[in-house]
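Trainee: One structure coming up, written as structure tokens, with questions to follow.
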């Protein structure tokens, strides 16, 4: 009994004690005390949860590439098969064809799209009539902000058997109607043209921004020396945007293994699989229509590893052979 | 035409018509035609009356004007539903994106936040390594979002890239203002909503616009994450447009959906972009340039 009586005043004393640690923590904390700044943690929470689930979840999901995965059994109960999925993929002729198609389509896009944007920017840079420049720029950037589905629909109408291109060919040139989008060879070129059409204006904006950063004194000096506009373009403008060019080239080279699957999924059809089926469309078909999740993930992982390797190689080349070095 | 106007303009020391200039302006005009023609074609098909369509063998230029096809599109319940979903997805999705991104960016910009470097790194890594399409799909499936409206708006709630753009803005924000508010006893929520948010309108508009175009244009994931009753307009348009080409490819005598009907659906998807685009172009261009800062 006595002990319990004694305990009461002690307990009563504690509120006094409690004050001390709290002030102490306030003094000690300065930055970062959870007690004072809990709203910050709460504000960051949705973002953190989102990145953990949608950014890191798939990274852990890569383990599926090494499993004989079935959604019913789940990751834990699926059998570990090591590199079997990769072996199966490499032995699959459709995989090799998809790999090849990815490389062809994206290198065509790079060799045609990359210089197109530079040429467009150089042309726009020569225009001194502001409204004209504005109109052209508006028209060239617009496609970038339009859905692939709309772009696909527009091109499918243009190239349809009863589309304007066939109509003009038939009526004015007397050539038979051609189903462009079912011709494997033509299809590839349409994809490359369409991609350049959609993205050139976007990249031109980046180059134009780099051009405005060039010191006007350089042009004035060249003018005094009697250099033509063409010479000025070669000797001042192009060197002035070289950093942007190298940066974009290094980044885009990482995409050589990614052929732009959203565009292809919108545009392609079974009759052009031989030239248009790329690694992503192939792996999505494996996963979603055949349920071969492990195999499909292995294809994706292979692709990411090659992509990373390509960026590293180009970056190394850029560091070695160009004056302003690589990206990292 | 343009080149002849050039010399007449004042303050033009070097605006003489030279062959070089003629070539440049001509090439740019050609580029303009190539860029604009697909839009022009689809819009002219969408308003072309059927009798005018039939009487011509080439439909390169507009002929006549009718809103019949738009009326048909807007009386097709499936398409109207799809547009409602597109609008809802864009509004709700963008709102959530912007609120979550700016709040997170504000928190990560404050020195009072512990582990903020570590948290920054947490958002950097996924920019460089990603799991690819299949694991991404399986993750969304395992969250139980499949076949719900939330599958259209929650994945990718905070894009790392925009987060860093906004955080950089908040780090450059005049700190005295925030410090003063803290001393006056304002909490972080209040500082954020009443001081920081209203004075950061341009950057918020920019990322809102980029998120919104992303939602409005989104096609692939909505087509597999939800069933047809939740499909946005892009998915419906893709289905109508491809099934027409398939039927045409078969060459059967089946009744095809008129080009003009499909064009009208596409037009309804483009028109909002066309209408807001001129006013918001500078924000969009700023968005592109923000992209180049980090590479």
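Every residue gets a Cβ built from N, Cα and C, even glycine.
Residues or ranges marked as region 'Disordered' by TrEMBL: A:1-32. Marked as transmembrane segment by TrEMBL: A:38-67, A:103-124, A:131-151, A:199-219, A:240-261, A:293-318. Here TrEMBL flags A:99-314 as domain 'ABC transmembrane type-1'.
Situate these features within the shown structure.
Mentor: Sequence-distant neighbours of the transmembrane segment (A:240-261) (same chain, 6+ residues past either end, Cβ-Cβ under 8 Å): 101-103, 105-107, 109-110, 114, 118, 121, 191, 195, 203, 206-207, 210-211, 213-214, 218, 278-281, 284, 303, 306-308, 310-311, 313-315, 318, 322-324, 326-327.
Sequence-distant contacts of the transmembrane segment (A:293-318), counting only residues of its own chain at least 6 positions beyond either end whose CB sits under 8 Å from a CB of the stretch, comprise 61-62, 64-71, 78, 81, 85-86, 88-89, 95, 98, 102, 246, 249-251, 253-258, 279-280, 282-284, 286-287, 325-328.
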Trainee: Hey, which bits of the same chain come close to the transmembrane segment (A:103-124), Cβ under 8 Å, at least six residues off its ends?
Mentor: 133, 136-137, 140, 188-189, 191-193, 195-196, 199-204, 207-208, 211, 233, 237-238, 241, 245, 248-249, 252-253, 255-260, 264, 275-276, 278
